[in-house]
Every structure is written in structure tokens, then in C-alpha cells.
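A.B. asks: Handing you a structure now.
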């Protein structure tokens, strides 16, 4: 009985510490991208995103994030 109780408490703590909303921003910030402009699509990919970021004064840009919701993000 004590083992089952410890296991249930462990599972509850582990799931309460997980925050799925934090993952996309950590992916973006992990690569140094500061500013996300728009969502990328089949017609708006890296070849359109990078020049847009450079025009706005950033050094680089690309479609990053979690599939299927990639965003055009710019790097300082």
C-alpha cells in the first residue's frame, strides 16, 4: 500500500511540474531568436522569412517551432 501511495504522489508531482506551454518559447529562445513575426506556411517559408527579418534590422531569421505551427522568428 505504501509503495502505491508513493508512486501516485510521484506521478502527480511529475505531471504538475510539466508545462507544455513553455516548450515553444524555450525552443525559440534556445536558438537566440527574439522576435516572431508571423506563422509560416507552404507559401511563406525560410526563403521569405529571412529577408523579412533582415529588412527589419535583425541579423537572421527562419521558420522555427513545433510542427505544424512554425513561426517566422528573427535573431538579433
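Cβ from N, Cα, C; glycine included.
Below, the features straight out of Swiss-Prot:
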DISULFID  36-74  disulfide bond
DISULFID  40-63  disulfide bond
DISULFID  49-72  disulfide bond
DISULFID  53-73  disulfide bond
SIGNAL    1-22  signal peptide
A.B. asks: Going by DSSP, is residue 74 (disulfide bond) sitting in a helix, a strand, or coil?
C.D. replies: strand
A.B. asks: What Cα-Cα separation, expressed in whole Å, is found between residue 73 (disulfide bond) and residue 36 (disulfide bond)?
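C.D. replies: Taking the Cα atoms only, residue 73 (disulfide bond) lies 4 Å from residue 36 (disulfide bond).
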A.B. asks: Quick one: pull the CA-CA distance for residue 72 (disulfide bond) versus residue 53 (disulfide bond), whole Å only.
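C.D. replies: For residue 72 (disulfide bond) versus residue 53 (disulfide bond), the Cα atoms are 8 Å apart.
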A.B. asks: Nearest of the disulfide-bonded residues to residue 53 (disulfide bond) by CA-CA distance, picking from 36, 63, 74?
C.D. replies: 74
A.B. asks: Provide the number of Cβ atoms within 10 Å of the Cβ of residue 73 (disulfide bond), excluding the reference atom itself.
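C.D. replies: So the Cβ neighbour count for residue 73 (disulfide bond) comes to 26.
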A.B. asks: When the Cα of residue 63 (disulfide bond) is compared with the Cα of each of the disulfide-bonded residues 36, 49, 74, which one is closest?
C.D. replies: 49
A.B. asks: Over all shown protein chains, what is the count of other CB atoms within 10 A of the CB belonging to residue 40 (disulfide bond)?
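C.D. replies: The answer is 22 other Cβ atoms.
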A.B. asks: I'd like the Cβ neighbour count for residue 49 (disulfide bond), meaning other Cβ atoms within 10 Å of its Cβ, all protein chains included.
C.D. replies: 24
A.B. asks: In sequence order, which same-chain residues at least six apart have a C-beta under 8 angstroms from residue 74 (disulfide bond)?
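C.D. replies: Listed in sequence order, they are 33, 34, 35, 36, 37, 52, 53, 56, 58, 60, 61.
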A.B. asks: If you count Cβ atoms within 10 Å of each one, which of the disulfide-bonded residues 36, 63, 72 comes out on top?
C.D. replies: 72
